[in-house]
Structure formats: structure tokens, C-alpha cells
Amino acid sequence: MSLTDILSPSDIAAALRDCQAPDSFSPKKFFQISGMSKKSSSQLKEIFRILDNDQSGFIEEDELKYFLQRFECGARVLTTSETKTFLAAADHDGDGKIGAEGIDYFKYR
């Protein structure tokens, strides 16, 4: 399964265009534009599984900086500031990584 099985390719493209400039990434806005905020918890968990590059059950800071590239291989890398902000917003227990429930969090923000 790929992200385009769950999300519209045109919505993904629009979300990536919106955050092309460094330090312009907003997780909440990306989730809205890409259509992720409209997905069910089970669909978000499937998206999380796809984004969890090493299949550890968590998205760590090293994986998170490549978040946009999981949607399109030529997309930019998140800046250190964007990565840390994204991690802080979705890391509910402060362990330095995001579990599947952390991604679901942006649906409700």
C-alpha cells in the first residue's frame, strides 16, 4: 500500500507546494491540505505505518526530518526547527519519538 492509495495525489502535491520554503512547514496545515485531517484513525495508522521507515512502531527525529520526502522523493528535508516543533507537538510522553497516536493528534488540533 502507498500513500496515494489513501490520499489524493493532487492533495499531496498541493500540501507539498504549500511548504516548499524552509521553515514554512506546519503539521496542522499539511494535514489539512493533504486530506489527512479528514481520514479515520485506522487510515491515519496506515499512513503512520507507511511513514515509519524502519517499522519500529515510532517515528524518531531522524525519520521525521525526511517526512515530506515520504510523500514525494524530491521534496525538501524539514529544517531542524521544523523537525523539533513537529516532534514536540506530537510526542505526548516526551520520549523523543512519535507513536501512531501522535499522528492522530493533528486531526483534532
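Every residue gets a Cβ built from N, Cα and C, even glycine.
All TrEMBL annotations are machine predictions without curation.
According to TrEMBL, the feature domain 'EF-hand' maps to 39-74. Within the domain 'EF-hand' (39-74), the DSSP-based counts of helix, strand and coil residues read 18 helix, 2 strand, 16 coil.
Cβ environment of Phe58 (Ca(2+) 1 binding site): Asp52, Lys97, Ile98, Gly99 lie under 8 Å away, each six or more residues apart in the same chain. Taken from TrEMBL, the feature Ca(2+) 1 binding site applies to Asp52, Asp54, Ser56, Phe58, Glu63.
Shown in sequence order, the list is empty: the chain has no residue 6+ apart in sequence with a C-beta less than 8 angstroms from the C-beta of Asp93 (Ca(2+) 2 binding site). Here TrEMBL flags Asp91, Asp93, Asp95, Lys97 as Ca(2+) 2 binding site.
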Same-chain residues at least 6 apart in sequence with Cβ under 8 Å of the Cβ of Asp91 (Ca(2+) 2 binding site), in sequence order, are Lys97, Ile98, Gly102
Beyond a gap of at least 6 residues from its ends, the CB atoms lying under 8 Å from the domain 'EF-hand' (39-74) belong to 1-3, 6-7, 12-13, 15-16, 19, 25, 80, 83-84, 86-87, 96-100, 102-104, 107
Near Ca(2+) 1: residues not in Asp52, Asp54, Ser56, Phe58, Glu63 with Cβ within 8 Å of the site Cβ centroid are Asn53, Gln55, Gly57, Ile59, Glu60, Lys97
Within 8 Å of the Cβ centroid of Asp91, Asp93, Asp95, Lys97, the other same-chain residues by Cβ around the recorded Ca(2+) 2 site are Phe58, His92, Gly94, Gly96, Ile98, Gly99, Gly102
Students should find that the Cα atoms of Asp95 (Ca(2+) 2 binding site) and Glu63 (Ca(2+) 1 binding site) sit apart, in Å rounded to an integer, by 15
